[in-house]
Structure formats: C-alpha cells, structure tokens
C-alpha cells in the first residue's frame with residue numbers, strides 16, 4: 001500500500017501544466033495520425049518564409065513517443081514548483097517567450113550553417129519539440145532553489161542546466177541527428193537565463209530581472225573558468241542593462257555599500273527564499289500531512305509564496 005507522500009508526489013499538478021501537457025499529447029497524436037501536418041507545424045528553415053507561424057507551433061508538439069513522455073513529465077514536475085513562485089501568467093509568458101526566441105535562434109543558425117557548408121540538410125531538417133522550453137525551466141529551478149539537492153541523484157539544482165548541456169553535447173558525438181535537438185537545448189538554456197536575468201517583471205518592485213552575482217552567466221561554469229567567462233559576459237551585461245544601471249538610484253538602489261530594501265540583490269535573495277520555502281512546505285505536506293488535511297495545507301503553502 002503506497003504512502004500518502006509518494007502518492008501526492010505524482011499528483012497535485014497545476015491546472016495550467018496539465019493543460020499544456022494535454023497540448024503536447026494532442027500535438028504528438030496529430031502528427032502521428034496526420035503526418036502531412038508536420039511541414040506546416042515544425043520549423044523547416046526553407047519553409048519558414050512564408051510559414052512564419054512555425055516559429056511558435058514547432059515547440060508545442062513532439063515527433064517521437066519518448067519525446068512527448070519526457071516533455072510532459074518534466075513539465076508537470078517543474079511547473080509544480082515554478083508556477084506557484086512565478087504565478088500562472090508569468091509562467092505562461094516565460095514558456096511562450098523562451099519557445100519563440102529559441103526557435104528564432106535555431107532558424108537563424110540553420111540558415112547560417114547552410115551558407116557556410118552549402119548542405120541542404122540544414123534547410124529541410126524539421127525542428128520540433130518542447131525540450132528548448134524545458135531547458136529554460138531548468139534555469140528557473142537553478143534560480144529559485146540553487147542549493148537544494150535533487151532527490152535521488154543528490155546534485156544541487158544550480159548545476160542541473162550545466163549537466164544537461166554537457167551530457168547533450170557529449171551524446172551528440174554518438175548520434176546522427178544531434179543537430180535536431182542540440183541547438184534547441186543550447187538556445188533554450190540561454191534564452192531562459194536571458195529572460196530571467198534581464199526581462200522578467202517583478203510586480204512587488206516594478207523592476208525587471210535578477211542581476212545578482214549568484215545568477216551571473218559564469219555560474220553555469222566551474223569556478224576554474226569563471227575568471228575567463230566574467231570579462232566576456234560583462235560586455236553583454238553592459239549592453240543589455242547599462243541603462244537600467246544608470247537609473248538604478250531612481251528605483252531605490254545604491255551602487256556603494258549595502259543594497260537597499262527592494263534592490264536587485266535583496267529581491268533576488270527574497271525570491272530564492274520564497275522558492276526554497278515553497279519547496280520545503282510542499283515536501284513537508286507531501287510527506288507528513290494526512291490525506292484529509294493535505295489539500296488545505298498545500299493551499300496555505302502556495303498562499304505564503
């Protein structure tokens with residue numbers, strides 16, 4: 001007989017994530033039973049003009065059975081922790097923006113590779129799948145609970161995006177179709193970080209992004225490489241948020257001394273505290289609360305976020 005904690009681990013998924021999972025399943029069934037829809041839904045660089053909508057639709061269906069299983073399960077579990085912290089509207093906005101920017105970068109890369117190599121495979125290869133967004137969601141996990149150890153593997157959450165990319169790049173040397181998924185994973189990770197770093201709106205302070213040192217681009221790399229990465233990343237940092245730094249004092253920041261309440265570093269710390277508290281309360285609820293009181297306790301945990 002299974003315990004309530006184990007049972008609740010595979011339940012209590014958010015309605016939004018369930019709806020998105022249904023979209024992925026329906027999209028997979030559609031292309032399986034009606035293969036003629038693939039050229040219209042998948043990103044095929046040679047057909048993107050005039051079929052520009054495939055920059056959006058390509059991310060919401062999977063071509064393989066294992067792809068749709070991995071995507072739906074990963075979405076349900078990651079959304080279970082991220083959506084209560086971000087809110088449903090911001091969670092959906094993140095998915096839409098990261099998906100679009102990821103496949104836009106994949107399109108540009110494929111066109112560039114064609115002009116470099118003159119291989120038409122880059123023009124007619126179908127790119128599709130939700131794995132770009134999943135890579136971005138892993139960055140969200142890194143942001144809100146960086147020091148939380150993942151169950152079973154005992155790896156801190158802040159290393160999940162980096163480990164995923166290293167394994168994907170390593171496996172690409174032994175697979176024939178790595179070009180179909182590797183660029184999507186790389187751009188999904190970067191676009192997820194870029195959005196959270198510079199553009200995610202925080203209603204509590206009316207500011208954007210998370211420019212804390214703990215979420216810098218170099219944190220994706222080992223300590224040994226950070227002195228090399230930081231000077232390069234700082235160039236792009238100044239390009240993307242130089243204006244916001246110039247006006248930071250108007251928003252309650254100080255560039256010398258300790259950060260004021262509402263400053264970027266303070267807000268980043270509070271965001272991580274909320275994420276860790278939400279995770280701890282959810283885990284405590286799943287493990288310890290009796291079934292009759294579990295729903296009420298989970299509601300209280302979400303309200304505290």
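Glycine residues also receive a Cβ, built from the backbone N, Cα and C atoms like all the rest.
According to TrEMBL, the protein carries these features:
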{"type": "COMPBIAS", "residues": "267-285", "note": "compositional bias 'Basic and acidic residues'"}
{"type": "REGION", "residues": "248-305", "note": "region 'Disordered'"}
{"type": "TRANSMEM", "residues": "20-43", "note": "transmembrane segment"}
{"type": "TRANSMEM", "residues": "63-82", "note": "transmembrane segment"}
{"type": "TRANSMEM", "residues": "94-116", "note": "transmembrane segment"}
{"type": "TRANSMEM", "residues": "122-145", "note": "transmembrane segment"}
{"type": "TRANSMEM", "residues": "180-198", "note": "transmembrane segment"}
Find the member of 20-43, 94-116, 180-198 that has more C-beta pairs under 8 Å to the transmembrane segment (122-145) than any other listed stretch.
-> 180-198
Leading stretch by Cβ pairs under 8 Å, where the reference is the transmembrane segment (63-82) and the options are 20-43, 94-116, 180-198 | 20-43
In terms of Cβ proximity under 8 Å, which residues at least six beyond the ends of the transmembrane segment (180-198) contact it?
-> 94, 97-98, 101-103, 105-106, 109-110, 125-127, 129, 131-140, 143, 161, 164-165, 168-169, 172, 208-211, 215, 217, 220, 240-241
